[in-house]
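In TrEMBL this protein carries:
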type	residues	note
REGION	1-41	region 'Disordered'
COMPBIAS	11-24	compositional bias 'Basic and acidic residues'
ACT_SITE	129	active site, proton acceptor
DOMAIN	135-383	domain 'Radical SAM core'
BINDING	149, 153, 156	[4Fe-4S] cluster binding site
BINDING	210, 211, 243, 266, 267, 268, 345	S-adenosyl-L-methionine binding site
ACT_SITE	388	active site, S-methylcysteine intermediate
Ligand code: SF4
């Protein structure tokens, strides 16, 4: 289809039936389906609650602190190694407070060992993934916040299977601890001789499976544990990026948290007409409302907002859309935002494709010319099914085909 000579492809669900609600709109799942809850873990609890739990297990409260140190500082879950804890009751304490949450199912490496993608099985068989990436001077982990996702975006592998359930705070944190354990064991390659940065995860992006703001309470508990300097991972809030497809009320709530995390909005289209189809949640909260909420985040925290924009050939990569995006951002002021276009990483067999290089460059040029800092984001892990959810789909396909 052409409009004034410009090809315009409409989003459509391909090869699968997009779930619809009674009114025929794409189904949005906000509530987590009822499933058995994961076992309660130390990282689900506040420091006070940990003390109470240790007492419940018949031990003095300070044992909880010792246990937290083993887990957060040394990534230890093995009672044998916790020799500062009395042998009597040690096993019970560890079993009661550090139950196993993630079982590694598969590990794929690429970029010369600099990138590792993990597939984890949760206690109830649900599958999630995380991606560990070494860059010069930093190590980034992309974490999942939900098993599956209820936002039903038609271009996304995770969205195609709906929401399995929310992850617990500890299941989110444990992805980081497990990654740290693997780094400490020297299993993440690619460290350069002149790189003196700490050998642990320094940056976290909530861009794995799930919509983090749809699992707000647990994601916030996880973030608090990540930044807790005394009884958590002691990370910098600035190194943590929370991304959303635009749940405006939750963005406003996040603004009120007073946590200077980095905030990223996955916009993907500047016009409601296209965005309604690409990101079904746009039917609830429109582009302008979401951009206003993002601008509010900047005003309160002083943290520059990232706009994520997956560039899809002939769908959203038109020069006029770059101009419209620039108009909408500049309407809300200068210097508050930067744009990260990401060439789409197509799902296997997809009819959608990444924008050609020339279209990418033109898109970026137009935004930069309007004074909006814009840089194409690196697409690490492309050859190992880099887009969120693809590894899980492959695993499930294999499991189903083996039945
Ligand atoms: S793109 Fe993000 S929000 Fe949309 S379905 Fe996929 S994981 Fe969910």
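Here the Cβ of each residue, glycine as well, is placed from N, Cα and C on the backbone.
Recorded features from TrEMBL, shown on the structure.
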residue	record	contacts (Cβ under 8 Å, 6+ apart)
153	[4Fe-4S] cluster binding site	159, 245, 278, 279, 280
210	S-adenosyl-L-methionine binding site	128, 144, 145, 146, 147, 148, 149, 158, 163, 166, 167
211	S-adenosyl-L-methionine binding site	145, 146, 149, 150, 151, 244, 245, 247, 281
243	S-adenosyl-L-methionine binding site	205, 206, 207, 212, 263, 264, 265, 266, 306, 308
268	S-adenosyl-L-methionine binding site	275, 278, 279, 308, 309, 310, 316
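In this entry, 210, 211, 243, 266, 267, 268, 345 make up the residues listed for S-adenosyl-L-methionine, with the farthest two CA atoms of the set 18 Å from each other. DSSP assignment over the region 'Disordered' (1-41) gives 0 helix, 6 strand, 35 coil.
Note on residue 266 (S-adenosyl-L-methionine binding site): other Cβ atoms within 10 Å of its Cβ, all shown chains, come to 23. Around residue 267 (S-adenosyl-L-methionine binding site), a 10 Å sphere centred on its CB holds 26 further CB atoms from the protein chains shown.
Closest to residue 156 ([4Fe-4S] cluster binding site) by Cα-Cα distance, out of the recorded positions 129, 267, 345, is 345. Each residue contributes its Cα atom, and for residue 345 (S-adenosyl-L-methionine binding site) and residue 129 (active site, proton acceptor) these two points are 16 Å apart. When pLDDT values are averaged over the domain 'Radical SAM core' (135-383), the model yields 92. Rounded to a whole number, the distance between the Cα atoms of residue 267 (S-adenosyl-L-methionine binding site) and the residue listed as 'active site, proton acceptor' is 23 Å. With a cut-off of under 6 Å between the Cβ and any atom of ligand 1, the binding-site residues 149, 153, 156, 243, 268 reduce to 149, 153, 156.
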